[in-house]
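**Student:** Below is one structure. I have some questions about it.
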Amino acid sequence: MEKSWMLWSFIERWLLALASWSWALCRISLLPLIVTFHLYGGIVLLLLIFVSIAGILYKFQDVLLYFPEQPSSSRLYVPMPTGIPHENIFIRTKDGVRLNLILVRYTGDNSPYCPTIIYFHGNAGNIGHRLPNALLMLVNLRVNLVLVDYRGYGKSEGEASEEGLYLDSEAVLDYVMTRPDLDKTKVFLFGRSLGGAVAIHLASENSHRISAIMVENTFLSIPHMASTLFSFFPMRYLPLWCYKNKFLSYRKISQCRMPSLFISGLSDQLIPPVMMKQLYELSPSRTKRLAIFPDGTHNDTWQCQGYFTALEQFIKEVIKSHSPEDMTKTSSNVTII
């Protein structure tokens, strides 16, 4: 009995010693962690906050950028032009998405030879909401217009994404090129805001099929816009892979050597007008124009006096040139209207 008690006593002392040694080891191991957190805990916390914000922004970038459901009826009702020759068209993209287009025809003098403008709108709404602007283009510029609703907008299928919008723009250009009643040598691109980024991408990939590009109140890139809109966070230090949508127009503009018109409203409260000036300066086009409207806001620059005159002069200049990309003289001009 005594031997048994001595055995259990030995085991108890051994377990206590082991526990004491383990606790000492744990304290030694925890000490560096405690010291590190004490010294750098604020930095670690900031990093965690930074990573969390980046994750949230990545997840909700589509929601913050596209707004296809605004206004609330945008996906249910698309207004159509009345009393004007037009076609309500549906086409398929390379990845099988069904898109809705409206082709508005100019029927005046020399209509078979008039230019065609592919119109890329900004975020929110649908092509029907852009008809007042488009119809004034029709009357003042004497052009055909093809308005496109990107995937996820209006009556088009799918969900909006950067690559998706690029595929949509390619599909529209391909469709225009199949129309025997449209002059393929006079295809102009027009893009406002988000549509400007789509137009720049399409032009950078199809310089041989596009006569000229016109962009209005658009941005350098989504990372640039994030730094502007969320200036209270160090967004400029986020690596590019953190952005689900990039729209790197400031890079792609270097591939747009066709005649280019940059339209800037200096009263734009959403996209800094300096971005339009920077795109103009980055453009390698031999014929580039910057039309500045001091009272122009983000969405309503087209209502400024002299707006359609600037577009008309640019289009006429391009058409008069036999080969816009091979002009012998470099011509750049800034017009304040």
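Placed from the backbone N, Cα and C atoms, the Cβ positions cover glycine too.
According to Swiss-Prot, the protein carries these features:
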- 37-57: transmembrane segment (TRANSMEM)
- SER193: active site, charge relay system (ACT_SITE)
- ASP268: active site, charge relay system (ACT_SITE)
- HIS298: active site, charge relay system (ACT_SITE)
- ASN299: N-linked glycosylation site (CARBOHYD)
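Map these features onto the structure and tell me what's around them.
**Tutor:** Neighbour list (SER193 (active site, charge relay system), Cβ cut-off 8 Å, at least 6 residues apart, same chain): HIS121, GLY122, ASN123, GLU216, ASN217, THR218, PHE219, LEU270, ILE271, HIS298, ASN299.
Contacts of ASP268 (active site, charge relay system) defined by a Cβ separation under 8 A and a same-chain sequence distance of 6+ are given as ASN217, GLY296, THR297, HIS298, THR301, in order along the sequence.
For the recorded site, HIS298 (active site, charge relay system), the DSSP three-state label reads coil.
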